[in-house]
Amino acid sequence: MGNGLSEQPKFSSMSFFQSSHITIFGLDSAGKTTVLCRLQFNDFVNMVRTNGFNFNSVSVN
Ligand SMILES: Nc1nc2c(ncn2[C@@H]2O[C@H](COP(=O)(O)OP(=O)(O)OP(=O)(O)O)[C@@H](O)[C@H]2O)c(=O)[nH]1
Ligand SMILES: [Mg+2]
């Protein structure tokens with residue numbers, strides 16, 4: 001799931017959104033945190049299992 005983002009997604013078609021909240025649900029080790037870090041840091045980071053939940057803000061151009 002996380003590695004499926006080979007490049008930064010194009011959000012230009014979403015430019016009418018001032019801000020939006022996105023919730024990612026999935027099975028254990030599905031790659032949810034990997035996707036989140038990919039969007040935030042534009043990099044792949046080796047993750048440990050998440051206890052509870054992550055909450056991140058991501059700015060897009
Ligand atoms: N092969 C492959 N591995 C992936 C992909 N995305 C994530 N991983 C790996 O899967 C493992 C789990 O990724 P996480 O992002 O921690 O998964 P998660 O859904 O946040 O897991 P929990 O926090 O336990 O619910 C990591 O070792 C990642 O490197 C993918 O697209 N392909
Ligand atoms: Mg996680």
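Including glycine, each Cβ sits where the backbone N, Cα and C put it.
Within 10 Å of the C-beta of LEU27 (GTP binding site) we count 8 further C-beta atoms, all protein chains included. Summarising the annotation, TrEMBL assigns GTP binding site to GLY26, LEU27, ASP28, SER29, ALA30, GLY31, LYS32, THR33.
Sequence annotations record features per position, and here TrEMBL assigns Mg(2+) binding site to THR33, THR50. In the three-state DSSP classification, THR33 (GTP binding site) falls within a helix.
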Close-lying binding-site residues around ligand 2 among ASP28, ALA30, THR33, where CB distance stays under 6 Å: THR33
Subset of binding-site residues (GLY26, LEU27, ALA30) lying within 10 A of THR50 (Mg(2+) binding site), CA to CA, in sequence order: none
